[in-house]
Amino acid sequence: MASRPPRPPRPAVPAPTRAEITTPEVLSEESVIELSLRPQRLVEFIGQEKVKSNLRIAIAAALARKEPLDHILFHGPPGLGKTTLAELIARELGVNIHTTSGPAIEKPGDLVGKLTNMREGDILFIDEIHRLRPVIEEFLYPAMEDYKIDIRLSEGPKATTITMPIERFTLVGATTRFGMLTSPMRARFGIVERLNYYPDDALELIVRRTAEVLQVPCDVDGASEIARRSRGTPRIANRLLKRVRDFAQVEGEGRITKAIADEALRRLDVDEFGLDDMDARVLRAIIEKFDGGPVGISTIAAAVGEDAGTIEEVYEPFLVQHGFLQRTPRGRVATGQAYRHFGYTPPVVTPPPAPQPSLF
């Protein structure tokens, strides 16, 4: 019997590039690991105190009335816990959660199976809900309001449609682009909550909790150093912790200290403000190539070799919030803080000339 040829080795999963280190998006190799780091109860969820308080009340009221929870919309920057909150809500209610995303739903039929298989009170979670096609939104409206769906049995001018009742359910939507949701869709959510960037003290607690889960010794100063460079985003904080852990195990004594964290993050091109290589390229391009702006986002994208949508959604919000960038009607402008951060002298702003006194 001929021997089987040896199986080719499995390709190694590439480590995040330096440009990916501080992206708030989920990297492909992180999805399984991230699940193990998520809290299991709402009380374990760190930060977003106002949102948690409102959700506790809504959940308690729904359980007391034995009714499904009202439809919920979470919006805000990526990486702040929208998916985690949806899963925690399902766990607190003791119901199932059915997960999908806007781009994955191409036609109404893609939702029929999920909606008809849900039990009373179950949750349908749609990530990137702003990317739903108009025909999908129209299909969802009667499902959200009247708990029924219209199923087309044929096509054409004489198409046959039947109306099918479904169990009462809760739709939880998540979006990073709240303004792209249509008004009719926004109006159908009874609970709308915005998730904001985390303060450093909350991120420090998250870093320390994750270190315990990963069984990595981490002192307070080391956790604080990682937290303040995490761009206000738990997902980035956990990613940086795992990269610093590598340095601690290989070049240190296995314990994450302030010195280890500082050296590791410096070598990963994450500075004391949490700015990474792409942030620096964006700001330097505006300062060096366009005299500080104003300059359009498409021009910036061409100058740094990055997608305009990625710059606008991933990098720009952090730079604006932390005072490195201004958005104006004419384009993006580098601030004095950005100039000073890179060792440049901010331009002198010349005040407009005073109006001439009228002769009449």
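Heads up, residue numbers simply count up from 1 along the chain you see.
The backbone N, Cα and C atoms fix where each Cβ goes, and this holds for glycine too.
Annotated in TrEMBL:
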BINDING   T83  Mg(2+) binding site
BINDING   R327, R332  DNA binding site
COMPBIAS  1-14  compositional bias 'Pro residues'
DOMAIN    68-202  domain 'AAA+ ATPase'
REGION    1-20  region 'Disordered'
REGION    199-269  region 'Small ATPAse domain (RuvB-S)'
REGION    272-360  region 'Head domain (RuvB-H)'
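Positions of the features from TrEMBL, shown on the structure.
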{"residue": "T83", "record": "Mg(2+) binding site", "DSSP class": "helix"}
{"residue": "R327", "record": "DNA binding site", "DSSP class": "strand"}
{"residue": "R332", "record": "DNA binding site", "DSSP class": "strand"}
- When you measure from the Cβ of T83 (Mg(2+) binding site), how many other Cβ atoms are you left with inside 10 Å? 20
- Across the region 'Head domain (RuvB-H)' (272-360) the predicted model averages a pLDDT of 85
- Have a look around R327 (DNA binding site) and count the other CB atoms within 10 A of its CB, chains all included. 15
- Query: With every protein chain in view, how many other Cβ atoms are within 10 Å of the Cβ of R332 (DNA binding site)?
  - Reply: 25
- Query: In angstrom units, rounded to an integer, how far apart are the Cα atoms of R332 (DNA binding site) and T83 (Mg(2+) binding site)?
  - Reply: 31
- Task: Please spell out the DSSP helix, strand and coil residue counts for the region 'Small ATPAse domain (RuvB-S)' (199-269).
- Result: 52 helix, 2 strand, 17 coil
- Message: Looking only at the region 'Head domain (RuvB-H)' (272-360), how are its residues distributed among DSSP helix, strand and coil?
- Response: 41 helix, 9 strand, 39 coil
